[in-house]
Amino acid sequence: MKGETGFDPGLYERFPTKGPRPKGELEALEQVWCGPKGWQWITAINNNFIGVYYVGAAMLFFVLAGVLALLMRTQLALPMNGFLPQETYNQMFTVHGTVMMFLFAVPAVEALGVLLLPQMVGARDLPFPRLSAYAFWAYLIGGLAFFCSIFFGLAPNGGWFMYPPLTSTTYSPGINADFWLLGIGFIEISAIAGAIEIIVGVLRNRAPGMTLDKLPIFAWAMLIFACMIIIAFPSIILSTLLLEVERALGWPFFDALKGGDPLLWQHLFWFFGHPEVYIIFLPAAGAMSTIIPAMARTRLVGYRLVVLAMLATGFISFGVWAHHMFTTGMPTISTSFFSAASMAVSLLT
Amino acid sequence: MTAPTPGTSGWPPPALDPAGPFAGPLNVLAWVLFAMAAAVLVIVLVALGVALFGPRRWRARLGGERLIWIGGLAFPVVVLSALLIYGLGLTSRLTEEPAAGEMRVRVTGEMWWWRVAYLDAHGREALQDANELHIPVGRPVVLELDSADVIHSFWVPRLSGKVDMIPGRRNLMRIQADAPGVYGGQCAEYCGGPHALMGFVVVAHEPAAFEVWRARQAAPAPAAATSHPGAAVFDRAGCGACHTVAGTAFNGLAGPDLSHVGSRRTLGAGILPNNQGTLAGWIADSQSIKPGNRMPAYPVLTGQELRDVSAWLESLE
Ligand SMILES: [Cu+2]
């Protein structure tokens, strides 16, 4: 009997195989699965290699942003210190925040997933290895290009949250802000590509017999993480797109003088930005829930409860974004609602 | 560059020292939340200690699912609900609608200073000032906050929480000082360039002293002042294109109102003490004191001209 894709599930019956091995099988397999040699590493697509590159690149951005932080702390060590010029300082803290959030935090946990997940669910690789290789290279090249803008004094300087109208053409006429909008837009697309891969990998590529209730807790965390990315990131892609259209074509989405509203940006941005916190937190929590029981040589207590808590965290975290906007003069009823939701989300974490 | 001047402007403003009914509850709430968090931290640390070093029976008890239900769900639900209700009750007064007869002041955030207008009973702008807000003690003052360019945020920590100034919107905020004094403030939303140098001062007077201050503000510059040689320099250098001095022909609107600049405590939006020396320094080279601000530097003025114009401005009280 064949499935609709032409795959014959009857093939499973052949495993484990018992007959004699064909000649040369071992060599052929070793050749297919061997590591890249010499310059081949550029073309590697297996998750074992891409995963390592990915983790390494994330660490590189972590160090780069850390160096910026050290320079800024030096400036702040004394009041009115003249160590960094004002404009350089403004660019540095914008780049620092942006790199930490978009080029370190999310890619680092995504990289951990690419590196560990396939083996955890008993697969040889992620379902779309070329897509993950693409996501990695797009991220590395885009990220480096973005970071280098600071060496030319062209880095964005509107803060990592890029609130308009400060970032509109009136108050940021240079191409600095465009670097941010285009760079971050593409990096988010790469993150979504990675998320699709993780979801498909966890849902479709598990070893036979590994039902969802036997899934390693880290894989659960990554599954929820990836679903959250798919829901949250389109919001930031949309906002960068709108602002870029406003900057390039003069369509007033955020310009109050022409009938736009600067708060629209804040809602779109934090609808992404708050879940982002849990997008970073959940994989880390999943990793801890894997490491600690292993080290303590026990089973994880309350596996189902942990999964439930993570699911609920992911869900509720989409209802609290406006607590980043309590100072914008929202009506009391909405601040109260968002306070309650924020407390509810802390409950589950 | 100069260091901040604590005595003259109350700067940097202390955040945990409330001085009015709109700041007090926030401070209480902050400490209550902090204490609860500290208590929970202690509980978690004790549990961790037991898990690592405790006797076998205790450890077994820690490892059960029952503990998750109690410690992970029931306990936080109770504590957080209590905190939420307590917090909302504590802060509900802060957001009350302002009453009709309350004194109103419109504060407009500008890159990188504050335009202040005292409104009369009909909501018209009665008095213009900048970078300094005078209030009588003991009664609430309503601030209408808006912005002329980008988003700023009005924050005088000892008198209230932050409220943003957003283009196209008008946010209301109430402040009240319980004792006379000078309260420092600071723009609390990154607004580009010298955002960190966008300070502010609130001066609270006894009600009688406040009326005296208001009467003096309403009076234009004395006629004698306009014949001062400094006024001629002001005219020649074109300062009047951006600055207003009430009672003279200078009526520019791009920069702070200078009608009573001599009586201000600070210059450059809360960053310099105000005296003739700093005035002359600001006029000669405001760009190195506050890089990127919207007033050009005047290296062309001679020493004598600087002395004249700063003496004249200093006399405008
Ligand atoms: Cu500001």
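Every residue, even glycine, has its Cβ placed from backbone N, Cα and C.
Feature annotation from TrEMBL assigns domain 'Cytochrome oxidase subunit I profile' to A:35-349. The average per-residue pLDDT of the prediction over the domain 'Cytochrome oxidase subunit I profile' (A:35-349) is 85, rounded to a whole number.
Non-local neighbours of the region 'Disordered' (A:1-23) in the same chain are 208; each lies 6+ residues outside the stretch with a CB under 8 Å from one of its CB atoms. Per TrEMBL, the feature region 'Disordered' maps to A:1-23.
The transmembrane segment annotation in TrEMBL covers A:52-72 (among others).
Residues annotated as transmembrane segment in TrEMBL: A:92-117 (among others).
The transmembrane segment feature in TrEMBL is assigned to A:137-159 (among others). Long-range neighbours of the transmembrane segment (A:137-159) within the same chain, counting only residues 6 or more positions beyond its ends whose Cβ lies under 8 Å from a Cβ of the stretch, are 53-54, 57, 61, 64, 68, 87-88, 90-95, 97-99, 103, 107, 166-167, 172, 174-177, 179-180, 183-184, 186-187, 189-191.
According to TrEMBL, the transmembrane segment annotation covers A:179-203 (among others).
Taken from TrEMBL, the feature transmembrane segment covers A:215-243 (among others).
Under the heading transmembrane segment, TrEMBL lists A:277-296 (among others).
Residues annotated as transmembrane segment in TrEMBL: A:303-322 (among others).
Among the features that TrEMBL reports, transmembrane segment is placed at A:328-348 (among others).
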Highest-contact recorded stretch vs the transmembrane segment (A:179-203), from A:52-72, A:92-117, A:277-296, CB pairs under 8 Å: A:92-117
Selected stretch (most C-beta pairs under 8 A with the transmembrane segment (A:303-322)) from A:52-72, A:215-243, A:277-296: A:215-243
DSSP-assigned states of the region 'Disordered' (A:1-23) in counts, ordered helix, strand, coil: 6 helix, 0 strand, 17 coil
Non-local residues, at least 6 beyond the ends, that sit with Cβ under 8 Å of the transmembrane segment (A:92-117): 47-48, 50-52, 54-55, 57-59, 61-62, 64-65, 68-69, 71-72, 84, 126, 132, 136, 139, 143, 146-147, 149-150, 155-161, 180, 184, 187-188, 191, 194-195, 197-198, 201-202, 218-219, 222, 225-226, 229, 276, 279-280, 283-284, 287
